[in-house]
Structure formats: C-alpha cells, structure tokens
Amino acid sequence: MNKFARHFLPLSLRVRFLLATAGVVLVLSLAYGIVALVGYSVSFDKTTFRLLRGESNLFYTLAKWENNKISVELPENLDMQSPTMTLIYDETGKLLWTQRNIPWLIKSIQPEWLKTNGFHEIETNVDATSTLLSEDHSAQEKLKEVREDDDDAEMTHSVAVNIYPATTRMPQLTIVVVDTIPIELKRSYMVWSWFVYVLAANLLLVIPLLWIAAWWSLRPIEALAREVRELEDHHREMLNPETTRELTSLVRNLNQLLKSERERYNKYRTTLTDLTHSLKTPLAVLQSTLRSLRNEKMSVSKAEPVMLEQISRISQQIGYYLHRASMRGSGVLLSRELHPVAPLLDNLISALNKVYQRKGVNISMDISPEISFVGEQNDFVEVMGNVLDNACKYCLEFVEISARQTDDHLHIFVEDDGPGIPHSKRSLVFDRGQRADTLRPGQGVGLAVAREITEQYAGQIIASDSLLGGARMEVVFGRQHPTQKEE
C-alpha cells in the first residue's frame, strides 16, 4: 500500500479534475440513458398497443357474421402497418377464426386475457418465433443472426386484446392481435447497444475536452508553481500579484511572508555587518597592545588592564548587537538612564589614541561635566565611536570635540583638520556602502550605523565644514528629557 501511495498519491489537481468530471459525465450519461430507455420502453408499449388495436378495429370492420359463422375477407391491396396474427373469439372464449393455424400460439392465449381489454406479452423461443415469421424474409434473416449468437434466446411477442359488444349484425367478439415480429428484433433492442456506443463516444470526445479545460483552468496554478521555482532559484524576489481571484489572497500572504523573511534576513545581515564593524576598534587596540608588548614598549602589568577592557568591550558589543537585532524597527528605546558624556568620551579617546598611535592623532575635548546623555549607553558609545573613528582616520593631526545641551536635545560636535567632505557627497556618506574617499580602507558602514541609531532618538547627524579645514560632524540626540515617555 505504501508503495502504491508513493507512486500514485497524491494525485495532481489536473488528474483530480479529470477523474471528477469524467465520473460526473459517466453518472449523468448513465442516468440520462436509463431515463431515455424507460421513457422509450413506455412509449414503445403504448405505440405498439395503439397500432395493434388499430388492426383489431380493421379486422372487426372486415368481419361478417353469417349462419352462425364468422368470415373475414382481406382486400388484396391492403397495406398492413406491421405483420400480425389475428384471432377472433366469441364471448365464451371459443376460437372462431384465425389467420393461420399455429397451435403453440393458440395455446399461449390465456383464457383470462379474453375477459377484458388489455396488452400482454408472450414469451417463446427462436424456433416458435420462426413459424410466425415464415412469410417475412427480412425478419427471418435477423432471427437467424440471433440464433447464431444464442440458440436459446427468448423472444417476446406483443398481444393486444379488444372486446367488441354485440350488435344487430354481430355477436360479442373478442379479437386478439399478435405482433409476429418479437420485440428483440425491433429497433428497441438496439437501444442498449446504441447507448453503449454513445457513452463510449461521449467519453472519448469529452475526456480530451476536459483535458483542455483542465489545462486552461489550472494555468494560474502552474504559473504560481513556476514562480515559486524561480523564487527557489533566486530568479525573482516576489510572486506576481496579478493572478486569479481565488489565488489573490494566497499570493498576497506569500508575498507578505517573503517580505517579512527578507526583512528579517536583511536585519540580521545588517546587524552582523554592524557588529563586525564595531569590533574593529577594540580589536585594533588589542593588536596595538600586543605589538607594544612584543616590542617591549609596554609592560604586562600595563597591557593587561587595557586588554581586559577591550575584551569586555567586545563582549558588550556582541550582547548589544544581539539585543539591538531583536529590537530593530520596534521604535522602542532600550533605556532612559542618565549618563555623563565626558567619561564616555574619555574611554573612546583612550582607545582611539592606542589605535592611531603611529599616526599621532591629537584629540582634544571641551565638554562641561554637567552635560549628560539620556538613553542606552551602548547606543551613545556606538555612535560617537564611529564618528570619532571616522574623524581620526581622515584628519591630518587634530580632532576637537565639543558639546551643548538644550532641554530636549544633545548636540555633540566633532571637527578635524582633514580634507573634509565635498558638498555633493555629504548626504551619501550616511548610506551603507558609500564612502567619500575610496582610496582608504573601509566598508562605508560606520556613519550609516551612527545615523540609524540617532534616528531612533529622533536625532540626526549633520556634515558641514570645520574651522580646522576639514569636516565638522554635528551629532544630535533627541528625546533627552529624563522624564520624557517613549513614543
């Protein structure tokens, strides 16, 4: 069973459609055929009885009663509607006249039939029927074919009984008219054969039409399956929303799922990129410290605190970015804590001095101790670390830091004496992967990360010209009131 199911189940939609419609066509064809056969049979019986009764009336008209005997004179030019055998009885059931003397037929007429008008049938065999058809060569040929197929086949003859009351010229008579051609040799017996042929032809014609209908009807599903394969092969990003009404909801939900998955993938990829970038500074400090140890410019006792601090910084950054990845896009600030700005910047300056020790960068800071940052400490460190690292990288020697605070905003200014940022590129440097100077190493990530974080605080970063001759970065943090509720 499992092997069968594996090879044949589940059936495709096209096969299901074809089987279902073919079954419906078959059932309807059988039902219509049976109804037609029943209707034909009833109609055939009524028509046969009417014809036989007409011939009975004809024989009654042609009959003459003389000397207590009955005689029937048939005109030579009389055209009988169908070959029949007529028998005339008196009111006691005595046979008075018959067209031909066929003993088995006379014995087959039941006495009770003669008591009322009615329609009856006589069951006989092929040989007996042959005696009735002795003068009908066409019917004899058909009967011969039946005998060749089945020598024991039963034949059915229709019998009409009509009673005529006594008149002044004629006593009461009962006329029995027997149809000499059996029902099996009439066209009615071919109805079943025709029905089988019509049913077979119907299926042979309908199935190809159903296949075409199924192919046309299921084209949207085939198109959807093809688009899904293209998605798997990375040849498209979304499903085509222009589809049939029945599939619109499915396609819309799938596209929404694809969009959500892509956004989640991009979020984690961006977070991983940001984490990698944020680890550059502590790793550079560790590298510089190890180099100093190797060159014996620093003792182990002095290097150990520096290295432990940077390792702790790396651990904090990893935890920070994992948390940030889960909160990205939620619009919720991680904290409303108050942090003095000067100590945070002192730690960053100390780390950057180690990174750019060979370059001899001179970083100065003029910030009042009262100035504080409201929010997540790691957010502030990440933003200012990227901005200061960018300034140290492009300066010639000097970097200056200043700040001012209003009721709801914190402004921090970072200026350097480097080449500055051209006006045409000042908006581009905050986009991921965009850099004003492509000759120096970098990925164009730091300022983009800084801008994203400041935007979470309803802030911004503004690039302009510095009095030192280089670039001036104004970092603005909003939502700086300690009691302000998060939006």
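Keep in mind that glycine also has a Cβ here, set from the backbone N, Cα and C atoms.
If you look up Swiss-Prot, you'll see ASP151, ASP152 marked as divalent metal cation binding site. The ATP binding site annotation in Swiss-Prot covers 386-394, 416-421, 435-447 and is backed by similarity to another entry. Residues annotated as Mg(2+) binding site in Swiss-Prot, with similarity to another entry given as evidence: ASN386, GLN443. If you look up Swiss-Prot, you'll see 215-266 marked as domain 'HAMP'. Taken from Swiss-Prot, the feature domain 'Histidine kinase' applies to 274-481, supported by sequence analysis. Per Swiss-Prot, phosphohistidine is recorded for HIS277, and the stated evidence type is sequence analysis. Sequence annotations record features per position, and here Swiss-Prot assigns topological domain 'Cytoplasmic' to 1-16, 215-487 based on sequence analysis. Under the heading topological domain 'Periplasmic', Swiss-Prot lists 38-193, citing sequence analysis as support. Annotated transmembrane segment per Swiss-Prot: 17-37, 194-214, in sequence order, evidence recorded as sequence analysis.
What Swiss-Prot annotates, mapped onto the structure for a quick look.
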residue: ASP151; record: divalent metal cation binding site; DSSP (3 states): coil
residue: HIS277; record: phosphohistidine; DSSP (3 states): helix
residue: ASN386; record: ATP binding site; DSSP (3 states): helix
residue: TYR394; record: ATP binding site; DSSP (3 states): helix
residue: PRO419; record: ATP binding site; DSSP (3 states): coil
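Reported as a whole number, the C-alpha separation between ASN386 (ATP binding site) and HIS277 (phosphohistidine) equals 9 Å. Looking only at Cα atoms, HIS277 (phosphohistidine) sits nearest to TYR394 among the binding-site residues ASP152, TYR394, PRO419. Cβ neighbour count for ASN386 (ATP binding site): 26 (other Cβ atoms within 10 Å of its Cβ, all protein chains included). Counting in whole angstrom, TYR394 (ATP binding site) lies 114 from ASP151 (divalent metal cation binding site) by their C-alpha atoms. Least packed by the Cβ count within 10 Å, out of the binding-site residues ASP152, ASN390, TYR394, PRO419, is ASP152. Remark: of the recorded positions ASP151, HIS277, the most isolated position is ASP151 (fewest other Cβ atoms within 10 Å of its Cβ).
Averaged across the topological domain 'Cytoplasmic' (215-487), pLDDT in this predicted model comes to 83. Within the domain 'HAMP' (215-266), the DSSP-based counts of helix, strand and coil residues read 39 helix, 0 strand, 13 coil.
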